[in-house]
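Participant: Residues or ranges marked as compositional bias 'Low complexity' by Swiss-Prot: 15-31, 164-179. Annotated region 'RNA-binding' per Swiss-Prot: 29-160, in sequence order. The domain 'CoV N NTD' annotation in Swiss-Prot covers 31-156 and rests on sequence analysis. Positions annotated as compositional bias 'Basic residues' by Swiss-Prot: 70-83, 358-367. Here Swiss-Prot flags 180-192, 368-384 as compositional bias 'Basic and acidic residues'. Here Swiss-Prot flags Ser190, Ser379 as phosphoserine. The feature domain 'CoV N CTD' is assigned by Swiss-Prot to 215-331, with sequence analysis given as support. The disulfide bond annotation in Swiss-Prot covers Cys320-Cys323, and the record cites sequence analysis as its basis. Under the heading compositional bias 'Polar residues', Swiss-Prot lists 341-355. Residues or ranges marked as phosphothreonine in Swiss-Prot: Thr378.
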Amino acid sequence: MASGKATGKTDAPAPVIKLGGPKPPKVGSSGSVSWFQAIKAKKLNSPQPKFEGSGVPDNENLKTSQQHGYWRRQARFKSSRGGRKPVPDAWYFYYTGTGPAADLQWGDSQAGIVWVAAKGADVKSKSNQGTRDPDKFDQYPLRFSDGGPDGNFRWDFIPLNRGRSGRSTAVSSAASSRAPSREGSRGRRSGAEDDLIARAAKIIQDQQKKGSRITKAKAEEMAHRRYCKRTVPPGYKVEQVFGPRTKGKEGNFGDDKMNEEGIKDGRVTAMLNLVPSSHACLFASKLTPKLQPDGLHLKFEFTTVVPRDDPQFDNYVSICDQCVDGVGTRPKDDEPRPKSRASSRPATRGNSPAPRQQRLKKEKKPKKQDDEVDKALTSDEERNNAQLEFDDEPKVINWGDSALGENEL
């Protein structure tokens, strides 16, 4: 989207949303979809969303009186062999007087519509904010400074400065989290924007108290970042991230079981309770810097004291006995069982090593569909689905009770 310097006064409409791209979108856009990314129901047939705050996405370019609109339900489907399969609904935000329900007054009752307004908004007025042209602009990430939707809904947290190459960076794309190699915009963020991101991230973290989820791309990044900042992602062996276990030198913690299971081993979670935080390591350690041919080596010496009256004292002692210089060993209760000896009885029909003859399974014929149109999506549904980001659940790894401190990610 080319940008140019203004030469005097102009009758062109003012920009609506300050999004950090070369030129923000203008009022009266010819698009037909929401400016914002969707919130998505976690289950089929979820009730309509309720919000902790006003329910209006943050937009610093609008006056308080203009902060009102509606959330509209969007039914979603996936193509499958047997036809089309419904998936949980998505809900999109539109300002009053725009979008599919542009002819409604604020508060008019209609199925699949939830009206929202900020305190002090003039709901009798209609907005001239227009809608988005998806061929020109990406979706704008959702931010709720006063509280987001209830726990029946989710949305993906996207940094405001993340954009897509080859298209306008006026709006950060929800799809960018599926491609971490895409370059983010290099514009500076204001302190207020950083604070807003922190608040939004906290809201999402609060909604996901039952357990965080990490994508495969994020896990790969965790395992290959700078060595001193690495963490062991789910499904990884310790040696994949920090190298083979040793004895008597650095890397001497972990027996064979811990190395194989990584953070699944409960002993990891236990011992991480004793590991110093970054600040403790920096300010409470004995730090010894040493210049070497390959660079500056920093040695941190820190002592954690576990009182003898600690309820877990014996467990910590046991874990240290097992895992310090533990390479080549396993816990006693995890020793592999010896294989049972082969039977010396003569082979009979019952115990013969020859495989039994299997019955041939009948091939299932695909069911005929009375309505062939039902097998494919309609053109409207194809267009709607094309607008949706993160339709499918991303390939994620259940993190469970995190073995990492909140400052480690």
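Note: Cβ is positioned from N, Cα and C throughout, glycine not excepted.
Buried or exposed, and what's around them? Tell me for each listed feature.
Facilitator: Confidence across the domain 'CoV N NTD' (31-156), taken as the mean pLDDT and rounded to a whole number, stands at 87.
DSSP assignment over the domain 'CoV N CTD' (215-331) gives 50 helix, 17 strand, 50 coil.
There are 23 other Cβ atoms within 10 Å of the Cβ belonging to Cys323 (disulfide bond).
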